[in-house]
Amino acid sequence: MRSKDKISYFYDGDVGNVYFGPHHPMKPHRLCMTHHLILAYGLHSKMEVYRPHKAYPVEMAQFHSPDYVEFLQRINPENMNLFPKEDLRRYNLGEDSDCPIFEDMFEFCQIYAGGTIDAARRLNNKLCDIAINWAGGLHHAKKCDASGFCYINDLVLGILELLKHHPRVLYIDIDVHHGDGVEEAFYFTDRVMTVSFHKFGDGFFPATGDVKEIGEREGKFYAINVPLKDGIDDSSFNRLFRTIISKVVEVYQPGAIVLQCGADSLARDRLGCFNLSIDGHAECVKFVKKFNIPLLVTGGGGYTKENVARCWTVETGILLDTELPNEIPDNDYIKYFAPDFSLKIPGGYIENLNTKSYISSIKVQILENLRYIQHAPSVQMQEVPPDFYIPDFNEDEQNPDERVDQRSRDKQIQRDDEYFAGDNDNDGS
């Protein structure tokens, strides 16, 4: 076991300032709340903290179609009426979709995608053991269109970076919604195993992720879906998670793991239907960390924003092996945590429709499919292509008595204006 994990954390304050619209459930402002809660608990002092680079269109086009990326780059609320309606429909953008066009939309995509790409590159270059980008995890975006509040699939881009150095990458998704965009991207390859735990049935978005969806061609048996019903609780979820993930890691032997920690699987989420407490959700993070495999952690869904901030702060603490007091310290967003100002939230009270026999049948099917994987696939690694960008700021090598030029300073996140008031919730919801 490593004596102490080296952790890189990525954040840009601008990512939380965009606004999807007054009635849209996605509130990027939750990222500001999370960051300030992490600051309030002093967790930033235990990590290397970076502002990510803004992903270049050419980086996005490693997965997404260049035409789609160019369209995202060109369109904005002021000029959207100049674009043909059929283009908006083709890319699933605009008023008739769940992916609105808003001010600074492309920059928002650049920031969250850049964070996940940078996180993967730091892991690849062994500059850290764990990399965190809570702004990332937008798992629904497809190669040629937006979907489910997601425009650019940063997870796919991050995994593609990891594949430059690792023969096999394991993707784990605990968002309440199926990780369809990531699964689809790697459905035909054995170099990425995708494992998604999610609500399935009753037309629940995105209406994919049946246990029978297992991958095709070289990717057959390398897509694992754990379809769950309303109301699953901590004990049922964690038992199933531990059983499946431990077997997956044993059989697949990944060189790196990407863990999408969507917080809409928490109890009382606006769009969710599970009963998970923060402790139950965080137990998954704790379990994956114990494998001591290079780990990239992202956010994802989560629409009760004060609980999103609570959850990702607790999970940052877990990744740092730091127990946090339950009483939330004073911070710029303290009013959102009223009336009890406590960090943890309990599980919910929705009826658990996941019977023991149902859970057992899902587990049996998945473990049976894993038996078809005799051993981890071997890969003839090609020459590793160069990175577009590698963060080169090394805190250990800096002399505090020497002046730091502005470019180097900008690669650190610790901007004075992000420690104080100034972030506003646009509609108070």
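Counting starts with 1 at the first residue shown.
Here the Cβ of each residue, glycine as well, is placed from N, Cα and C on the backbone.
Curation does not apply to TrEMBL; its annotations are automatic.
Feature annotations, reproduced from TrEMBL:
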BINDING   ASP98, GLY148, TYR303  substrate binding site
BINDING   ASP175, HIS177, ASP264  divalent metal cation binding site
COMPBIAS  400-418  compositional bias 'Basic and acidic residues'
DOMAIN    24-316  domain 'Histone deacetylase'
REGION    386-429  region 'Disordered'
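The sparsest Cβ neighbourhood within 10 Å, among the listed binding-site residues (ASP98, ASP175, ASP264), is found at ASP98. Ranked by Cβ neighbours within 10 A across all protein chains shown, the binding-site residues HIS177, TYR303 are led by HIS177. Other residues of the same chain near the substrate site, with their Cβ within 8 Å of the Cβ centroid of ASP98, GLY148, TYR303, are PRO25, MET26, HIS140, PHE149, HIS177, PHE205, LEU271, GLY301. With a cut-off of 8 Å between CB atoms and residues at least 6 apart in sequence, the same chain places ASP98, CYS99, HIS140, ALA141, HIS177, PHE205, PRO206 near GLY148 (substrate binding site), listed in sequence order. Summed and averaged per residue, pLDDT over the domain 'Histone deacetylase' (24-316) gives 97.
Here the CA atom of TYR303 (substrate binding site) lies 12 Å from the CA atom of ASP175 (divalent metal cation binding site). With ASP98, GLY148, TYR303 listed as the residues that bind substrate, the site has a largest C-alpha separation of 14 Å.
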